[in-house]
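Notes to accompany the following structure.
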2 protein chains.
Amino acid sequence: MDFMKEALMEARKALMLDEVPVGAIIVKDNKIISRAHNLRETLNSPLAHAEVLAIKDASEKLNSWRLTGCKLYVTLEPCIMCAGAIAQARISEVYIGTIDPAAGACGSILNILQNDNLNLHTKTHWLYNEECSQLLKDFFKWKRK
Amino acid sequence: MDFMKEALMEARKALMLDEVPVGAIIVKDNKIISRAHNLRETLNSPLAHAEVLAIKDASEKLNSWRLTGCKLYVTLEPCIMCAGAIAQARISEVYIGTIDPAAGACGSILNILQNDNLNLHTKTHWLYNEECSQLLKDFFKWKRK
């Protein structure tokens, strides 16, 4: 199963709601246990990024704040809040579809998950996907009109 | 009104639940609009830090993801996730009761809110309060027994 494709399906759901199109999937034992998309405007919440919503749902499903052994697939490089949430949740691996040069905290403006001062447990993988970035480019182009 | 004292009252509520004793208050126009304490174990959620819960509640009350003009008082230096959430919420000022040398992201291991690469809107103030740190010291001493 192509999990980034599934994350992209979530990003498209955000787009339909006129939200910045970002989607996330959490996978455990090769099965999707949660899926979410950015809902900041819809929920009027600064916390409602795709990753945070996916983590919330996965924790509820597993009845644990520790998501050890879980993999998160996200279409856009996580921001500081989301990278921090990924670290708090002890997610084992993160797969990222495209960079966020303005606010990405997994290599762009900061590299939260590879900080030697923190005892972190998360490996970062880049799974560059043209569609992840095209979706965002189209969205912002359309918004500027 | 001594808002750090109010945040401390929240921290004590966390302590009674055997949670790491951290409390947070959000103030707008000199009035408390939300109050919360750490509930990570109780809610089994990696997101349930005092600051995140206070931000969630304040956003719901104001019906806005923008908490511009709000001040957050927190008994312990925010972690990366919480500092990121404070930035996402556009909180104007943060008052911190004690440092977290192991995970604090407002000067200890990182300084998220004073990052020149980000267009941030939050001023950090230190309001050192002996009780904020003593509560944590006592908690961890008791836990080690």
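For all residues, glycine too, the Cβ spot is worked out from N, Cα and C.
Per TrEMBL, these features apply:
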- B:GLU51: active site, proton donor (ACT_SITE)
- B:HIS49, B:CYS79, B:CYS82: Zn(2+) binding site (BINDING)
- B:1-108: domain 'CMP/dCMP-type deaminase' (DOMAIN)
In the domain 'CMP/dCMP-type deaminase' (B:1-108), how many residues does DSSP call helix, how many strand, and how many coil? 40 helix, 22 strand, 46 coil
To the nearest whole angstrom, what is the C-alpha distance linking B:CYS79 (Zn(2+) binding site) and the residue listed as 'active site, proton donor'? 10
Among B:CYS79, B:CYS82, which are binding-site residues, the residue with the most C-beta atoms within 10 angstroms of its C-beta: B:CYS82
Here the Cα-Cα span from B:CYS82 (Zn(2+) binding site) to the residue listed as 'active site, proton donor', rounded to a whole number of angstrom, reaches 6
Limited to the domain 'CMP/dCMP-type deaminase' (B:1-108), I'd like the whole-number average of pLDDT. 97
Tell me the Cβ contacts of the residue listed as 'active site, proton donor' under 8 Å, same chain only and six or more apart in sequence, or just say none. B:ALA24, B:ALA36, B:LEU72, B:VAL74, B:PRO78, B:CYS82, B:ALA85, B:ILE86
Just to confirm: which same-chain residues, 6+ apart in sequence, have a Cβ under 8 Å from the Cβ of B:HIS49 (Zn(2+) binding site)? B:VAL22, B:ASN38, B:ARG40, B:PRO78, B:CYS79, B:MET81, B:CYS82
